[in-house]
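Visitor: The following block contains the structure, expressed as structure tokens.
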């Protein structure tokens, strides 16, 4: 039987809120068994850019990562956010180790090719160094990833935290019984977008197709759910989707996805 | 026979200069055997503080690390500087892993007690997690430390990079044949402060006392040399002191210290 591994993506809104972060990290610290945490930097990066007078460059709602922006992201994601989380987890007796994709060559990527839009220093993932992560887990370290990868040629790359999470989960799934937890601002997949309690508790492939055809999964949920099923189709056992209270052992209202 | 280990402290002026950094990291990558790098953030932290309108608070020439300053240091040292160095080392085929003292609980410290001056969030080191570092070295990882420790209660602490370097060296010295390289802005200990070529090539304990009594080791060199001999008295084999070209295999002009 494979050992259990939980891979948790923390919600962006939590990073900015000291009290919410503390509650979340306490719940994470109580999660039994092997675990990995992935985080972005929430609005902290935009706040720092604004304070430094660097304009965010958005095309079709997507951020263009120029040289100044990749520096800011490195400061906020790999520096401030990552080290605060690691230090706080240490205080909760979790032996956390903070990582960008460059550290230990843990996440290899390439700069997204320019088609219609040049996204700048944005990385598409080529591989995850699962041997390194297995070694860390075996000596009881808990990896804490920020949303940065690297190209192996010295360039750091801004990379979607949801994608990093699912790629790590997929890379670990052959060795571990892997559950993926996506924390975000909602309690799960909602039947009625205006009713935050209308959570669909279980979704399998058939239900997923049904919800898609009914237009219940739409907009921002489309890539999120696509990401979840991509992980499930690649040997990840289970995906849970909910708000930051999901890790609490008494949590009931969240969405569980299986094939 | 113990395996050789080199522990290198990079000079602050190198971090700010992309070309000099590249030359230094190339030399570091060619250094044979096991190795560990320690860096500060040079003037980058002060520059960011100035851009953000945060005033540096100096008492008797020493920086007071308030809450805003520890955040800046975390962004610059653990974020920007550390990850740039790691990504560049990866491109030079060194499997670098960036660490603050919180990561893997690698450097435990306590906040400096308030006597005449409250230095703020400054850490005095209690211990180095040599087991973790031995594990990393055994799987061919090269640890890259920034000058930050933690108190185990969730607080990151600004910590002198020279001290971190010597404490790591001392912690590793029982298991490795350890050489410490301190890169700084001079070519070594100078007989004549106005002649940059007047390097004292070899200093042992007797010579050290002689130079001290002659007043040749003075001012900023006093704590630096004290730190070097502290390491030597605690089983570190050899300490080299010189500028950033010291790691070059053809380097000749630098100071070597032994007991």
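Glycine residues also receive a Cβ, built from the backbone N, Cα and C atoms like all the rest.
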Visitor: Taking TrEMBL at its word that B:41, B:42, B:63 bind substrate, choose the one of B:135, B:140, B:158 listed for that site.
Guide: B:158
Visitor: What does DSSP say about residue B:9 (site 'Transition state stabilizer'): helix, strand or coil?
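Guide: SS state of residue B:9 (site 'Transition state stabilizer') = strand.
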Visitor: Given the binding-site residues B:41, B:42, which one's Cβ is surrounded by the fewest other Cβ atoms within 10 Å?
Guide: B:42
Visitor: What same-chain residues, at least 6 away in sequence, bring their CB to under 8 Å of the CB of residue B:9 (site 'Transition state stabilizer')?
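Guide: Same-chain residues close to residue B:9 (site 'Transition state stabilizer') (Cβ under 8 Å, separated by 6 or more) are B:38, B:39, B:161, B:162, B:165, B:180, B:181, B:182, B:183.
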Visitor: Compile a sequence-ordered list of residues in the same chain as residue B:224 (site 'Transition state stabilizer'), six or more apart from it, whose Cβ lies below 8 A from its Cβ; state 'none' when nothing qualifies.
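Guide: Those within reach of residue B:224 (site 'Transition state stabilizer'), by Cβ under 8 Å and sequence separation of 6 or more, are B:162, B:182, B:184, B:241.
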Visitor: Around residue B:63 (substrate binding site), how many other C-beta atoms are within 10 angstroms of its C-beta?
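Guide: Within a 10 Å radius of the Cβ of residue B:63 (substrate binding site) lie 18 other Cβ atoms.
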Visitor: Return the residues near residue B:158 (substrate binding site), defined as same-chain residues 6+ apart in sequence whose C-beta is under 8 angstroms from its C-beta, sorted by sequence, else 'none'.
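Guide: Residues satisfying the criterion: B:63, B:65, B:69, B:70, B:73, B:120, B:121, B:122, B:123, B:147, B:148.
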